[in-house]
Amino acid sequence: MTTTPTMTQKLPQALPTASIDLDAIAHNVAVLREHAGPAAVMAVVKADGYGHGATQVARAALAAGAAELGVATVGEALALRRDGVTARVLAWLHPPGTDFAPALLADVDVAVSSLRQFTDLLDAAGRTGRTADVTVKADTGLSRNGVGEADYPALVDALRRAASDGAVRVRGLMSHLAHGDDPEHPFNDVQARRLTEMAKLAGARGVSYDVVHLSNSPAALTRPDLAFDMVRPGIAVYGQTPIPQRGDFGLRPAMTVKCPVSAVRPVRAGDAVSYGHTWTAQTDTTLALVPAGYADGVFRALSNRFEVSINGRRYPNVGRICMDQFVVDLGPGPVDVAEGDDAILFGPGTDGEPTAQDWAELLDTINYEVVTSPRGRIVRTYVGGKGGPQ
């Protein structure tokens, strides 16, 4: 097992941990590959691998057959390169003033969303003497990041000229679904049609794309007709279902967040707990203190609403969640919880523990937000995994 501290290199024992199962990552990539059919799989490892650790997830995904990697920013791509990941990686979100030279020097593919970005990329190619591998990010209806229909022809013409000059290699055309988590929504087909038309327009103007990709996790699992040349799953790589109402798709959640109990103490009926005394013991009972709080990603909005699992049994949080700690009620009578026992905040759910999806439903959010939230003093650890391509 390897350990990666999120904030500090010198760590005391018994800190909260996010344990990442790399075998689950490999399993999930295998599931996605099966659904993708002949299409390749790009494993998206942006946002530090959705909170799971980009480098470790990248290696596990590649070993399981992912063809390449996707990230949001050039900085994320360069971090993978610094860690020795040599596989193809595409970055697609660039603030104004981004210098693409480091990306080109590190053999990072760049997706551009405007003629301005493409001009900046050409400038970097000229300064470095490197040929840029470029993908066009197209807006087909999400109205977010991507070149729109009106500006697309000018960008295609600029691509053709730059490719003719040897400044760029045209690699791909990509877009992103607005209703991917609603597979039957008619707008999914509208976006696919628009993307196809954009590829045809480019061909008519002398530009051809090696790969076209549109599908995110839910589409990769439910809409094989939208696979094009490659699918681009994110959350499914980490085992979280992208469409909870349709089940888990055979995915295995890779993250378990747990924290050792730091104190066990009895209280009497009438004693109140934590800030504001929002919970009062109705009987004599025993409490356990768990040293993780909202600074570590335990949402304060979960106060008095969620449970943890200790030694295979669930216990409710009582009182407000604090910055560094929260309290659970072990109930009256003898208890089988001691200091040092792990309180599982969420995990795969296979042993009855709460899941990230449970938290998402309590918070009226999505499991994406839950798994990207552990931070602060939470230490990332890894189990499973094996060597493979980087």
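Cβ atoms here come from the backbone N, Cα and C positions, even for glycine.
Per Swiss-Prot, the feature active site, proton acceptor maps to K46 (among others); the stated evidence is sequence analysis. Reduced to three states, the DSSP call for K46 (active site, proton acceptor) is helix. Listed in sequence order, A54, G70, V71, A72, T73, E76, G234 are the same-chain residues at least 6 apart in sequence whose CB falls under 8 Å from the CB of K46 (active site, proton acceptor).
Swiss-Prot lists Y275 (among others) with the feature active site, proton acceptor. If you take the C-beta of Y275 (active site, proton acceptor) and look for same-chain residues 6 or more apart in sequence within under 8 angstroms, you find G319, R320, C322.
Under the heading substrate binding site, Swiss-Prot lists R144, M323. Sequence-distant contacts of R144 (substrate binding site), defined as residues of its own chain at least six apart whose C-beta falls under 8 angstroms from its C-beta, comprise H176.
Positions annotated as N6-(pyridoxal phosphate)lysine by Swiss-Prot: K46.
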Within 10 A of the CB of M323 (substrate binding site), the number of other CB atoms across every chain shown is 12
